[in-house]
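**Q** First the structure, which I've put down as structure tokens, then a few questions once you've had a look.
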Amino acid sequence: MLEHFSECYFDLSGPILCPVLGSITPLFIPNSSIRLIRLIGLCVSLITFLYPPVPRIQFDPSTANSQFVESLRWLPYENIHLYMGIDGLSLFFVILTTFLIPICISVGWSGMRSFGKEYITAFLIREFLMIAVSCMLDPLLFYVLSESVPIPMFSKGPREAFGKRGSLVRKHSISGRTTEPHIFFWWEGVWGSRQRKIKAAYQFFLYTLLGSVFMLLAILLILLQTGTTDLQILLTTEFSERRQILLWIAFFASFAVKVPMVPVHIWLPEAHVEAPTAGSVILAGILLKLGTYGFLRFSIPMFPEATLCFTPFIYTLSAIAIIYTSLTTLRQIDLKKIIAYSSVAHMNLVTIALFLCVGVLYDRHKTRLVRYYGGLVSTMPNFSTIFFFFTLANMSLPGTSSFIGEFLILVGAFQRNSLVATLAALGMILGAAYSLWLYNRVVSGNLKPDFLYKFSDLNGREVSIFLPFLVGGATVR
């Protein structure tokens, strides 16, 4: 019996099915039992988080082959299988996903007064989809699951779903505007924070949909040529150089939008601004990394000749993105837009923590405009200290985890192209400029009691949310 339990626990079915079962449970609980719903969602996410470390302990780093492989015949009349497994790349994506979901549920804990059941269900279903995407070893099923990730964002309800219980009309604490109840779709449409939320939601949907259509066509072309979508077989299949270029461009159209790369990044700042704090955390922490994961998992190993052909093109786009987004960040006045644009140039754990810092301020003052803030060091000293640490980490200061990643990237870039590496290093200088400017405007200076009149430092729940990021941000190996 113990051996049977061990096999069930160690395979990939556990972390995939656990959030599915957890998302069904709240459907049988009345909306009035919001505390019970929140506890169930948090407990399920924590149980799911306990699964990935077990394969990590048994994981064999000496081989590049996929491990914990599971196969299930999906379409009997075609050579298409539900083929899952993990390697060194996908393992850490699974760990990252299971790590962030409990934090997202904790972030929305106090504001989950309305639509709490839908909130928990949407997060757990999304967790299932993102874990399955990371484990999938079939391009067709990877496409299906990755395009299913936005589906939990579809929902319906009043704009101010996070308003006071029984009240759907709320007056803005800064502008004095009154927001009326409307029916919207998408995550941003229900749990977003401004009137342009529905535009941001559809912009996000259209960008990702249009880019992914080309990838679907490329996968169907591969299926017609090879008769299978098994990644292990496709990695040994030789495509002609012309065919590789065609397929690489099709995959690039999808992954570039998800990264996102300039110039298809327009949807990202608006989506971040309109999304709730938990939505921004998931977007920056996982969804934006699916594009890079797709490049590493499919484009580079399947189309190596095309990848070499387009390497100068990628270098150019990346260098432009770093400089352009850094300069654009310097002229923003919205806290979330500043961090959103910086996330285009910096893909690290610190960006998630900065979104959490903005969420703390917005929960208290209902505004993200920089001009309304100042002097928070005297009223929120604990928050100011944590914000300062993440500001330094966002600058890739030596001693922080983000320094390791960016330093290794620059070292590798200098070995291949010194010009591109120099431009990328310039982005770090610009990053320090807007990071210090933001911290100085928010924390230093004089208080502005005409705009901000309620002050409270971090509570125990918020400190517990920041603690894992503080530990991770200061970890150097």
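Keep in mind that glycine also has a Cβ here, set from the backbone N, Cα and C atoms.
Note that TrEMBL annotation is computational and uncurated.
The annotation domain 'NADH:quinone oxidoreductase/Mrp antiporter transmembrane' is assigned in TrEMBL to 189-356. If you look up TrEMBL, you'll see 12-29, 36-54, 89-111, 123-145, 204-224, 245-266, 278-296, 308-327, 339-362, 383-413, 419-439 marked as transmembrane segment.
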**Q** What else in the chain is close to the transmembrane segment (245-266), if you only count residues 6 or more beyond its ends and a Cβ gap under 8 Å?
**A** 146, 203, 207-208, 210-212, 214-215, 217-218, 221-222, 239, 287-288, 290-292, 294-295, 298-299, 302-303, 306-307, 309-310, 317-318, 320-321, 324-325, 344
**Q** Could you check if the transmembrane segment (419-439) is in contact with the transmembrane segment (12-29), meaning 3+ Cβ pairs under 8 Å among residue pairs at least 6 apart in sequence?
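**A** Contact absent: fewer than 3 Cβ pairs fall under 8 Å.
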**Q** Within the same chain, where does the transmembrane segment (278-296) have neighbours whose Cβ lies under 8 angstroms from its own Cβ atoms, ignoring anything closer than 6 residues to its ends? I mean 6 or more beyond.
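**A** Same-chain residues near the transmembrane segment (278-296) but 6 or more away: 89-90, 93, 96-97, 100, 103-105, 107-108, 123, 126, 130, 133-134, 142, 146, 149, 153, 187-188, 191-192, 251, 254-261, 268, 271-272, 336, 340, 343, 347, 349, 351-352, 355-356, 358-359.
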**Q** Below 8 Å between Cβ atoms, which of the listed ranges 12-29, 36-54, 123-145 makes the most pairs with the transmembrane segment (89-111)?
**A** 36-54
**Q** Please report, as numbers and ranges, the same-chain residues at least 6 past the borders of the transmembrane segment (36-54) whose CB is under 8 Å from any CB of it.
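**A** Beyond its ends, the transmembrane segment (36-54) has Cβ neighbours at 9-10, 14-15, 18-19, 21-23, 25-26, 29, 91, 94-95, 98-99, 101-102, 105-106, 109, 112, 116-117, 119-120, 123-124, 127, 131.
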